[in-house]
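> Residues or ranges marked as domain '2Fe-2S ferredoxin-type' in TrEMBL: 8-95. Look at TrEMBL and you will find 256-441 tagged as domain 'FAD-binding PCMH-type'. Among the features that TrEMBL reports, Mo-molybdopterin binding site is placed at Gln797, Phe828, Arg942, Ala1109. Residues annotated as substrate binding site in TrEMBL: Glu832, Arg910, Phe944, Thr1040. The active site, proton acceptor annotation in TrEMBL covers Glu1291.
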Amino acid sequence: MASGGTGDELVFFVNGKKVVEKNVDPETTLLIYLRRKLGLCGTKLGCGEGGCGACTVMISKYDNLQKKIIHYSANACLFPICALHHVAVTTVEGIGNTKTRLHPAQERIAKSHGSQCGFCTPGIVMSMYALLRNAPEPNMEEIEDAFQGNLCRCTGYRPILEGYRTFAKDWGCCGRAANGPGCCKTEKENSANQGCCGKRGNGPSCCMNEKEENAVTISSSLFNPAEFQPLDPTQEPIFPPELLTQNSKPLKQLCFKGERVMWIQPTTLQELVALKAQHPSAKLVVGNTEVGIEMRLKNMLYPVILAPAWIPEMNFVQHTDKGIAFGASCTLSLVEKVLSKAVAELPPYKTEVFKAVLEQLRWFAGLQIRNVASLGGNIMTASPISDLNPVFMASETQLTLASTEGKRIVTVDEKFFTGYRKTMLKPEEILLSIEIPYSRKGEYFSAFKQATRREDDIAIVTCGMRVLFQEDSHRVQKIKLSYGGMAPTTVLAVKTCQKLTGRDWNEKLMQEACHLLADEMNLSPSAPGGMVDFRRILTLSFFFKFYLTVLQKLSQQLNGNNNLSEMLPSSYLSATELFHKDPIANVQLFQEVPPGQAVEDTVGRPLMHLSAAKQACGEAVYCDDIPHYENELYCTLVTSTKAHAKIISVDTTETQSVPGFVCFISAKDIPGSNVTGIANDETVFADDTVTCVGHIIGGVLADTQEHSRKAAKAVKIKYEDLTPIVTIEEAIEKKSFFKRIRKINKGNVQKGFEESDHILEGEMYIGGQEHFYLETHCTVAVPKGEDGEMELFVSTQNLTKTQEFVANVLGVPSNRILIRVKRMGGGFGGKETRNTILSTVVAVAAFKTGCPVRCMLDRDEDMLISGGRHPFLGQYKVGFMNNGKVNSLEVSYYSNGGNSVDLSYGVMERALFHLDNAYNIPNVSSLGIVCKTNLSSNTAFRGFGGPQGMMIAECWMHDIAMKCGLPAEQVRKLNLYNEGDLTHFNQKLEGFTVQRCWEECLESSNYHARRKLIDEFNRQNRWKKRGMAIIPTKFGISFTVPFLNQAGALLHVYTDGSVLLTHGGTEMGQGLHTKMIQVASRTLGIPTSKIYISETSTNTVPNTSPTAASVSSDINGMAVYNACQTILKRLKPFKQSNPKGSWEDWIQAAYVNCVSLSATGFYRMPDLGYDFDKNEGKPFCYFTYGVASSEVEIDCLTGDHKNLRTDIVMDVGTSLNPAIDIGQIEGAFVQGIGLFTLEELRYSPEGNLYTRGPGMYKIPAFGDIPSEFYVSLLRNCPNSKAIYSSKAVGEPPLFLSASVFYAIKDAIFSARRESGLTEPFRLDSPATPERIRNACVDIFTKLCPSAEPGTFKPWSVRA
């Protein structure tokens, strides 16, 4: 906290109010101060490392360099409170609220359905707000750039962009510039193009015609922009006048001392160099974007921090004869602004280096980081994967250093970086300024970077490349090739550069350069960071791109006095293009409610999420937002650092000396049972053996989170190592399996193979996935002081198991334990069972101390401890005919269950139920085995095994198409089920709409015409390829454990007519509470405004099933309906006696006549149950269907891909709420894009998880969604088996993103064909840039042969 420090007075403003803080601890961040000291909980903690944007605020200050007030977004989780002197902070609470008025930035995200769980919403609102303060009429590119540092896991981003593009001056109806190229209005007029709904404009089945021909009315309007209040820049809060007057006063040095760190902010260069001489190991901090992370995540301590933000000599911009000089404290945003202006104004030949810096900055972190991170800090961090240092090295940028001895100038060359994160600076020296040079005539410069994700991602390999030619020739006078990501430092390819000097720029030079680079830029197969082949290939690919780019520029410069243009085939040109993404275009189509439906009946209407406005204002309360209790303690977990080991000793001696320390808890403090878990195969605390890294051994309690963290780090544990099992392959080799092995067999597989024309065998690996809900696991436990009662506020999808496990560990009956859930900041299955590992520990801590105890996991802890989606290995043998018709399938699924059973059996069963996807396979033999390994137990995740099962089906389906030489869509269509067919588990398909979805998707996506265009594109481009795929899905709806398909509801009607509704489901952003209020509103015949849901709790509806399996609307909706019917039955006499009375009249009459106005409702899904041994029964109530078509473009040289277009047609029955359902479809689809193309969990061979936060683990960002994103809800398909003819929608759409994966595979096939490879090939999931590039076999991949497996120890393994 801020207190605990001494020193000067810190003065700043928050939301217009002055804050004067006398006791400041330099380790306190702005986020902690806002939440704890000021009680402003709208700003959220999502990751603590500036990678998710949930903590975004706006900083305003008077800038002496620019001589004006500047406003910019920043990450509060990294911003040191000490850096706030004379600064104004604006949080989400400061711009608008639900009591007075919402700011347009808040209103538009809420009304456009851009807020689901709402945890990321305040940060996104503040990024938009900061942009609007700087540009009240931004363009679409500026809006999309503003969100580079923000992540959302729920929405799929489309509704956020659609709501916010209404601010854009170039806003059009569909997201394209109004009436410009690609605008839906323009295209409607041009009948050759796509029309309004994606069909041919006004052609057959165009939505424009359907309105007249059919009774069904189609709408594409989920919200009405005309309702939005206009943005009035004059109404924004003013900059505090006091800070403007302070600006003219002389500054004095500031000093703040905390428990461990001293922060000194000098005002002159003399003071700074004197301090650096006095404290040579002190760190200079401007943005705290590196040091903040090192201290928090890497356990580093810097006792003295010097802040040079006020030193004039470090905050200047000067145009010199040689280039542009920047003070080392200048922010990257300022550098970007200055260089952009220079590029626009100066002759192009002078700005080659500037353009390269700008290209790197374009993809450098998020805007919030660039706004505060300094140019000098970026250089001095000396990261081996720095984006900018290779540019500075290749351009021979000059640096001015200063110390008490004076100044000296050095060049960034191959000697500047002396070792890992070390430079040639002496300990007492500081970096004063950086001069980025102009380029000369005949000089060319390029910079490249390849990362896992395009936006806000660290580089895998980065480079700066410069060549200077002899006058009027193409002979190399000087060349510099610098790389990051190829050594512990930024390196120069010295030998290669020497050999290329004096050579002509031609094909021969290119080939020799690649051979030289392959040799010089070699990596050990065990190199840290892994991806060794990929990194080596990238060094060559980047040079080839540079070679082509220079060739292109040279042929233009030398005015054709050469044959250079002939050396550049036209099919190679696209390789030189820089990454460019079109603005998002989208249309969402749904069936309007029938004419005559009452206005207050909201079922079927796109009603806004009922918490959206509160979420947009930061008023929605999440678990950690609950105000702190008087004597509350904080718990930090102590977890294993070994994957498999015996615990020899736990030494807590050093914790005693940590301020605020209270006690250490472990297994011996448990009053009840230490045994826990779904299969009773886990313990609350590890007792004598740990079975994964992250296994909970104990907990440390202290007065604050910071103190408990420090104390937890002081616990010393000794282990005796045991051999861990990490991967599926290791588990198969050692036969480490959980006991239950499932099989589903149908028909005669052997006979099927004998009758087949072809038999194919293969295997596919599908990686796991981290849930990355924006709100990590959180529990607040409050002991009640009598009879063992305890109240717990928990972020959980499963109140019943949480209650049961807490009661079990405390040794009390369940009736003493109250679990309460207001809302969650996302769940996705990750909070179905794994929250209990935290809740039980916190309950023991509260029991032992008698105090309320709180714990919210840090992102790295959460990712380490709580498990994720099961990795799968599928081995298949498939028999088929020449036309692609499948006869027989033999398949084995292996999943990595981790160290306990948890829900792994259920996940495997669902995978087996979905091994057919939507295809009719006459003969099936299948086997499902769960591997027991030394990883954190894997658990439920949206789709629950279904996506893995279906993915392997699509893998062999793709292989069949390639083997038969037939279009994949033709083979898929041929094998689709028909109405009335039996599945491999013998359930009859009723209301099977996949064929309808398929035809509609083919038509709306213009599939066949675009397929021809793709073939043409691929003929014309060698190094860029496009691909397309269309994929169906069939997803079974119900819990596969039959007794879980039950739900309860409790309905209270008060005498004023208001209704309090409670049901068994929890709200995690999926709009369940909104839908339940819609159901109750229609059933009771009253407006939604009269109905309220406060929370879900175990004392209102007992024995609830988890909010999971997509069935919550179905089962809770029916329970709500039944409770409403009970009330209506009781009200019937009063309605009959007073037919013209109001709802309030009838309620009052019932109350006066002593009629109960409280009712419970209950529902169970009928006739469910399945016998694996007999292969009979009915595992699912019904199925949800859908089809998606996707088009992608890959860069064959780097493995980058762009999602160009996706069309989805989804059967969700008669939608209860089209806005919520379309939001679920898009959100699931984008989460699936993550699963199949981006998100990769990486472990050390010893079982240690490397990917523990947004820095290393990449979920889709705003820029990853398809540029054209069309979603259509299938019309006229009511579902008789669920509430108001609706269907489940949460999980089924996720698998449709496999269309992106198989479109990528299709594009790779085109690339491989160029190298003469036409056989089926293996592509494991996710299709990361590494896998894409390595699969595009060419001359460069052949220069970098892989090391033989088994001859080295890899840096990372896949689980």
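Every residue, even glycine, has its Cβ placed from backbone N, Cα and C.
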> If I take the Cα of Arg942 (Mo-molybdopterin binding site) as reference, which of the recorded positions Glu832, Arg910, Thr1040, Glu1291 has the closest Cα?
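Nearest by Cα distance to Arg942 (Mo-molybdopterin binding site): Glu1291.
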> Consider the binding-site residues Phe828, Glu832, Thr1040 and say which one has the Cα lying nearest the Cα of Glu1291 (active site, proton acceptor).
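Checking each of Phe828, Glu832, Thr1040 against Glu1291 (active site, proton acceptor), the shortest Cα distance is to Phe828.
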> I'd like to know which of the binding-site residues Glu832, Phe944, Thr1040 sit within 10 A of Gln797 (Mo-molybdopterin binding site) at the Cα level.
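If one measures from the Cα of Gln797 (Mo-molybdopterin binding site), the binding-site residues that come within 10 Å are Glu832.
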> What average pLDDT is reported by the model for the domain 'FAD-binding PCMH-type' (256-441)?
96
> Give me the sequence-ordered set of same-chain residues, not including Gln797, Phe828, Arg942, Ala1109, with a C-beta within 8 angstroms of the centroid of the Mo-molybdopterin site's C-beta atoms.
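Surrounding the site, in chain order, are Gly827, Gly829, Gly830, Glu832, Ala940, Phe941, Phe944, Thr1107, Ala1108, Ser1110, Gly1290, Glu1291.
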> Relative to the mean position of the Cβ atoms of Glu832, Arg910, Phe944, Thr1040, the recorded substrate site, which additional same-chain residues have Cβ within 8 Å?
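After dropping the recorded site residues, what remains is Leu903, Gly906, Val907, Glu909, Ala940, Gly945, Gly946, Phe1039, Ala1108, Ala1109.
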> Looking at the binding-site residues listed here (Arg910, Phe944, Thr1040), whose Cα lies nearest to that of Phe828 (Mo-molybdopterin binding site)?
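Of all the candidates listed, Phe944 is nearest in space.
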> Give the residue counts of the domain '2Fe-2S ferredoxin-type' (8-95) per reduced DSSP state, in the order helix, strand, coil.
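For the domain '2Fe-2S ferredoxin-type' (8-95), the helix, strand and coil counts are 15 helix, 31 strand, 42 coil.
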> If you skip the near sequence neighbours and keep only those at least six away, which residues in the chain come within under 8 angstroms of Arg910 (substrate binding site), Cβ to Cβ?
Phe944, Gly945, Gly946, Gly949, Gly1036, Thr1040
> Taking the Cβ of each of the binding-site residues and counting other Cβ atoms inside 10 Å, which one has the highest number: Phe828, Phe944?
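Top count of Cβ atoms within 10 Å goes to Phe828.
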> Roughly how many Å separate the Cα of Glu832 (substrate binding site) from that of Ala1109 (Mo-molybdopterin binding site), to the nearest whole number?
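A Cα-Cα distance of 10 Å.
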> Do you know which of the recorded positions Glu832, Glu1291 has the most other C-beta atoms within 10 angstroms of its C-beta?
Glu1291
> Taking the Cβ of Ala1109 (Mo-molybdopterin binding site) as the reference point, list residues of the same chain whose Cβ is under 8 angstroms away and which are at least six residues distant in sequence.
Phe944, Ile1037, Ser1038, Phe1039, Leu1044, Glu1291
> What is the one among the binding-site residues Gln797, Thr1040 whose Cβ has the most other Cβ atoms less than or equal to 10 Å away?
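Neighbour-count leader: Gln797.
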